[in-house]
């Protein structure tokens, strides 16, 4: 099926819809209106209807959306119908915490290989995940056919590590470093920046109340 | 100064601009064009000009933006001109990692109090931060006049914890739980959801290449 690219803001809401639809489905609910969804996920119902419209006519006016159909649809869109293995590059405090994080248990996402330069962890299996030396990264990513990587290295080596990821054929990078990476067009970078999130929150605190 | 609220997407780019301007300033650069900024921070220059226009006329055509002026402006907007203390609610793996995370060193943000129910950590000082029992949370937040909290509790108790934060007078919550919190209008919630970020990345991988 060909269709237009959806806006990034809409794409970012898909996992939120997906999670709530899974909840409704578990509770035995068959239909849901955009107003009900809106109330639960804190997104305006007009935005929900517009987001859903990008996928074609998924609901009927007055009838609401079919929960099972939508859940199945989002499962496929978000790769939740199959296990996705990802690589973790850099095993600092945050990296180690992420290994214990349960997203790979509950969401068909799994960190299946980790990489670091620290000899104290290289060659070990931490939280069930083997840790390889950075010098083997390109080779291992290719052998294990890993397409997605979580980048958590120090910022000084972030671009260099990203270059190696691209060389290894990785197409998606979840970038936890503050560096704006330069990558070829076919590689997608998603930024996670806790400091920025906190700063944005502080910005809004002043301006919502002012 | 009164002015219109800026769009959330623009507000989220402010920390990115701020960081790069700090870098330029350290390097002794006096002016920067929107094209140069665009190349460095990977934001289209039209978006940069529009974002900056929300703050009034900060640059002159053909002359570029004044780096020192902009940096000072963003410092104030993002609270970087003073220390902001925040509370950490919930000390799981990710919470402990965050205590070691350097954002409070480099960005005038500091976690100054942590809260948990685990008796093994309550009453201790971890990474320089005192850990209080959850039962003291409302009282301590008031005494320490903490206005911002990072919420990292299990999702089952997230709404209850948020209710207590509101009761204690907190106005900003950085929400790491998957729950869409219900809070009064004057409280701002910023969502951080690593699973969603990864799912969004997977979604784009299919659709960029398809």
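Cβ coordinates come from backbone N, Cα and C, glycine included.
As annotated by TrEMBL, DNA-binding region applies to B:16-55. The NAD(+) binding site annotation in TrEMBL covers B:90, B:91, B:92, B:93, B:94, B:95. The annotation domain 'CoA-binding' is assigned in TrEMBL to B:79-180.
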Residues among the binding-site residues B:90, B:91, B:93 lying close to chain A by Cβ (under 8 Å) are B:93
Among the binding-site residues B:91, B:94, the one whose Cβ has the most other Cβ atoms within 10 Å is B:91
Model confidence for the DNA-binding region (B:16-55), as mean pLDDT, reads 87
Cβ proximity for residue B:90 (NAD(+) binding site), under 8 A, sequence spacing 6+, ordered by residue number, returns B:115, B:116, B:151, B:152, B:153, B:154, B:161
